Amino acid sequence: MPSEVIRAPPGLPNNIAEVHVTGKTTTSISFDWPSPSGNGESVKHFYVRCREVRVLRGWLGGSPASPEVSEASAGKYEEVDQWWPAVARPFQNPEGESESGWARRASVMGGITQTYVLEGLQPASCYELEVVAENAVGLSAATLSGEVKTLSTEPGPPSQCRGCPGDATINSVKFSWTAPTYHGGEDILGYEVRWIPNEVYQPAPTDIEVLLKDSQRFILGPDCFEFVAEGLHPGDAAVPIVRAWTDAGHGGWSRLPLDADIEDLSSQPDNPAEMEIAPILERTEAEDHRLYSLKATWICPDMMGRPILCASHKLIRVDTEEDREAILASGRVPPPPASEEEPQEFTIVRC
């Protein structure tokens, strides 16, 4: 006669065999693992916990921090070694299956792939995932993924370009920058420089797209932190921007110079250009007791980088001895000979 059916007491779930890494981005890591045997009871939950191992600092609000706002730790790795609170994940049934039938047996027998995506991470930083299975009896031992590093990202922008006034000439100006504080996990491979001329006393441009459209492109090595903009008109400024690149891609552009920075980015002024068109003298109506008045008009030449301060004039008599004899012949009293009268010099100051 057969005995009564006696069920052996269930036990703790088996340990998870292995936690696999299935994908990585700059801010997330995807894992999966096979569900373990529940040893007589269904595996109901998994408890997932992340350890922050080593973090590259300098990631600010979802993007690399610029040198102007970076903390001292930016671009450096920090050994954190801190566990985050565990997150409960319910058992994931095979697609289309319910809690009953084969799905329940699967949760007892194991072998069903479970997935989890760890999000909100820092680029180029190291993390470790711990997974524990739970059934009605209790918890399995923890299974670790080992250290996993997120993907590197683009570097941050270099510092704003600063002029080197002591190296300026009438046709060139030197500017420099500092490397990005945040490198994104990769070595800097080089710099891309763009610049446009800015006419003297004009406000600095504020639209970076205009600069990119009208500028030339210059490629420099990773150890170059200065550039000489040539071909400037005397007194004009160079408005530069620069960005770095790594194997992960190009970083952001440096900040545009402000109006207060333009003077240091300007070439040296030069002497005014020669006047190409002679002044024009015209007789005008007298304004006082003097019988004759003359009006002089002229076109100012290129002032070569500085505003006009004054204009010096010299009025010279050009009448000849023949003119003097003609006046005498007409019965009028001639003026003294031109040779005996000094040229009249006067200066008009810019108001």
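For all residues, glycine too, the Cβ spot is worked out from N, Cα and C.
What TrEMBL says about a protein is an automatic prediction, not a curated fact.
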Quick check on the annotations: TrEMBL lists region 'Disordered' for one of 88-109, 264-285, 330-351. Which range is it?
330-351
Tally of helix, strand and coil residues over the domain 'Fibronectin type-III' (157-265) according to DSSP?
16 helix, 39 strand, 54 coil
